[in-house]
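Handing you this structure, nothing more for now.
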Amino acid sequence: MKRSLHVYAVLYLAFLYAPIALLPVFAFNDGTVIAFPLRGFTFEWFRQLTEIPALHAAVLNSLTIAVASAVLATCLGILAARAATRFEFPGKKGIMGLIMLPLVLPEIIVAVSLLVVLLQLGLSLGAWTVILGHVLIATPFSIAILNSAFQGLDTSLEEAAIDLGETKLSSFRLITLPLVMPGIISSLLIAFTISLDEFIIAFFLTGTDPTLPVYLWGQLRFPQKLPVVMALGTILVVASVLLLTIAEYFRRRGAARTGQKDAGGFL
Amino acid sequence: MSDRSTGPRFGRSEAAQGYLLVATPLAYALLLLAVPLGAILLFSFWTQDYLTLDTTLTLKNYREAFTDPLYGELLLRSLLISAAVTAATVLTAFPIAYFVSFYVPPERKAMWIFLITIPFWTSYLIRVFLWKVILGYNGVFNTTLMGLGIIDEPLTFILYNVNAVVITLAHAYAPFAILPIFVALEKIDRTLLEAGRDLGEGYVMTFLRVTLPLAMPGVVAAVLIVFIPTIGDYVTPRLVGGPDGLMIANMIQTQFLKLNNAPMGAALAVLAMAMVGSVALIFIALTRRFLRAPR
């Protein structure tokens, strides 16, 4: 039983990693067609990446949006997670349910509903409208991460600080914040990654300046540009994995700091 | 805790403090989620008259959605694809969650879960596109099978159709199914399983009568968290679906951005959500007996 499950698990991981594993294969392949057999090894596609101004503009745009979304979503996440874990109030379930709703809502619904309202209000689309949408979908993830950070917190530590003469605010700053800091960093990184990768909302709300995924989407139509897309994808995947590894490191440190059992997982 | 927060030093009640904290995220969700969702609903009762928006309330869009077979077919197909993806994802995810929860040593569980979640966080567009590379006519799958001499000519039923959409989406939503089931399995008190076996049940019966019912909350959560977002997927049907694999989100996008008929797009969005919402509610009602808290 254990053996067959183990084999299945390894095969399943192979299935999960198959697309990502192929990326570098084609990114370094010296052929314009994305198919086997492979031709030879080249850095050409990576070199070409450095020569596309539209791509650089899209990367910059995406980074700006991702940083802003990560900071805003984490701020909202801190407020909501603190309220949910520390206080009881009527209607809490419903309120938290509404805030967490984007987690299950199809992104296209979020995108078109925001689009309709923004256009009706006569507002012009741009980076800021994408940020509005990304904060909405990243906040539930931030809350999920921060909930576990706040949950593991021993409230008697804060109470002790208050008894020793600190104000509520200073005890939050001196006691609570340092303890949940790993959770906050992890939330920032996850929200950043979500925003950087998100396509549908950006596609609808981006206006004239494309984000990186919207730019990529445009390139997928041109077969001759695909090797460059593979090179770009390789860089993106390496960056995502690095960010996630850092996020996971902080999440674990946070779990250890507040004395939780580490069961893993961001959700 | 409550006696402290109502104490004179704090002034405000616990509920008031909670509201004060949650006010900003709540206001954000109301303004940017609840209001826009309401707007979509309202829009679906309006009509587009070339460049102007006719704001008299009418059921015209819904009538059109129900009479034009194209819309009906897309909605039904989207629902069926979502159901197939959900079944495939949850059934293949369960053994993984079970393996990690029951057979992986505790200190290595976090690493396994991390390994499972990594692909999910890498560029969605690129992952979907690579499935096209894998499943294509000259793709990795076909050339490998032909190289091994298993098939003589490329299989064509695996790209640009519903199968490709199901495989790709099942891949995309895998962690969403694995994590809730894993969490539910982790909560199971292992002594219950020993008790089941001590009382003479075999491994299979213990699994069916103890483990599975206790894991059901996780399975139900997995089903919902895969089923509901899947219906709105745009990228996968567009890239690997071909003409017969298109889904309702592709039509919603066409209505909004190409045909400039936002009200019709809104009506289709509302219908898709209503459909997926009612199926989800029926599913919850059917599985309710598993979800009651154990006494």
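For all residues, glycine too, the Cβ spot is worked out from N, Cα and C.
Take a look at what TrEMBL says about it:
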TRANSMEM  A:7-28  transmembrane segment
DOMAIN    A:59-247  domain 'ABC transmembrane type-1'
TRANSMEM  A:63-83  transmembrane segment
TRANSMEM  A:95-119  transmembrane segment
TRANSMEM  A:125-146  transmembrane segment
TRANSMEM  A:179-206  transmembrane segment
TRANSMEM  A:226-247  transmembrane segment
Based on Cβ pairs under 8 Å, which of the stretches A:7-28, A:125-146, A:179-206, A:226-247 lies most in contact with the transmembrane segment (A:95-119)?
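Most contacts with the transmembrane segment (A:95-119): A:125-146.
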At least three Cβ pairs under 8 Å linking the transmembrane segment (A:179-206) and the transmembrane segment (A:63-83), pairs spaced 6 or more in sequence?
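By the criterion, they touch.
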Sort out for me which stretch, of A:7-28, A:63-83, A:125-146, has the most Cβ pairs below 8 angstroms to the transmembrane segment (A:226-247).
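If we count Cβ pairs closer than 8 Å to the transmembrane segment (A:226-247), A:7-28 scores highest.
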